């Protein structure tokens, strides 16, 4: 290629290539370690060029034949799809042929997925098509013929659009390398399978609508931006009276034939050595009929036109377009990156191997690959609906999965298809045939509507993600729709953490296992102990719900009991102040009259009971108990918070946890925390959680340890309150004065 095709590169373009190579070296320097050892250099080289790892270990006898068959099947499939997707992007068909060769060849060296076959992708082609139509509409290339009639200068229009797409391609490569260097692969974590399937289904609707003009033989421009899909449909409906019947019949026949043969390929996959290349056969037959019958002249059926043979010399992109297309190129880079990795992971999960989420954009060589593609008139190459092709139907012999493969190898062996195979022979190919090929290949995508029934039965939240993604992509277009879908997917995660499952745990007898008492009949609550567990971590969005659920699960109205206690204490203090005033008044009256003061009980008279705030030996006043205040006491004395699901806490969560300790202490219930991880404990320390009232003595490595500790403490407390011998008990009973009884309270109702 270098000796025959690329010898005519101008000196200015060679300088541009040198600048690009310098950028590649700068990107590489960002990834190199400070001190490079031999093993580190080898690992870095294998990461940038994965084929160096798998190629020496490639099992030729087991996989070569299958990969060759797969390569030819994909090559045969890429030829018509390349032509069709170039039409979808608003470019000359030969651009699709170039895009079917260079990306596949380069991904052979840089890719890590066995099933991602890189090439023109319908979704990316639609995005590029809307951009080329908006920036370079056909109306800008009108020329007059015979002084009165006007026509489109297609050659000049196509050349300008190819130049524009070259700028988009190189910018897409730069952005994807940057995304790889920034480890953007983590975003794939948020692209769930329902989201990807809903998005690709909506993208298929966009592709279908974009091809209806070629099916009906109608001239129609491309709309862009939000609601552009519906604008296109409305405009199409207005122009339906001008339908070309010949074009419509041609497209319908081609779609039916392709779908029937594809179904036969799928049904007899095990018996066929390779699939019937129906797209290629359709192109050849339709081109022959169009040439023999002269469909263009007799029926006005639009044809593809001349396709130049050979490979064009590379051209450096026009940088003056960079400012116009930078935003669109970034959107294409993100959409292509996300779909590539998500599809690769779906195939890897299905066939049992691993795909590097950052490999698609990580290697700086990819920048050179996209630059090469832009110089060679290519559309940005990504995996699409052609990714998992005939190889997936043939099984391990085609290299889809094998126990002898220690690492993944990208397959198939690339097969170059270019203009020499079609050349001028395809100039009479009807454009409706290419539209039929595109529409027929959307069948697999439209089958994803079956997900609605499956998700309805299995998971309503995933169903909602699928539907919202589908609708958002239809309404907001492909780029904004993907961003909105990811945002909604993240919101569902937040909502799920806000509505976790709260449970009270009980002990399974004769074990140290604790389970939800509602779900496990054998689990019995520990007497006097409430063990509370949440299925989610706690943070600012759900910690208040956590506290409310704990109080509700405890079986008492904690806040109301605390409020009653405060009212009782307030009333008690008023009574105490009143008694102190009366006592002082009596003392003063006794001093004036000179008579001795009577004891307190005699002055109060019979039947009057007063609760006094006595002082301990240390001099600190003791807090009145719930019982002494005439309030009901909870039927449990300890709460254990199971922190095993908690993986982080924030400042709001720490504040609410402090309130939980305080509130339960007010109602004479101790709070303990079990199974708290070291990282969460460190976060609690940094958040000033611990104090004189809350110490690390309240933390235990497991729920069972906390239960055992509580049992020991209760046992020791009960032993210490028992009298040493019967005589001592009788002596205490004889010498002690009967305590005043608290006011009678009805304990039959639970607070």
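Using N, Cα and C of the backbone, Cβ positions are placed for all residues, glycine too.
Keep in mind that TrEMBL annotations are predicted by a computer and have not been checked by a curator.
Segment annotation: TrEMBL labels transmembrane segment over residues 276-293 (candidates 204-221, 222-239, 276-293, 294-311). Feature annotation (TrEMBL): of 65-84, 125-144, 245-264, the stretch labelled transmembrane segment is 245-264. Your range for region 'Disordered', going by TrEMBL and the list 540-572, 573-605, 606-638, is 573-605. Stretch with the largest number of CB pairs closer than 8 A to the transmembrane segment (321-344), among 85-110, 245-264, 276-293, 466-495: 466-495. Within the chain, the transmembrane segment (276-293) has long-range Cβ neighbours (under 8 A, six or more residues past its boundaries) at 73, 76-77, 79-81, 83, 250, 254, 257-258, 261-262, 264-265, 301, 303, 425-426, 428-430, 433, 436-437.
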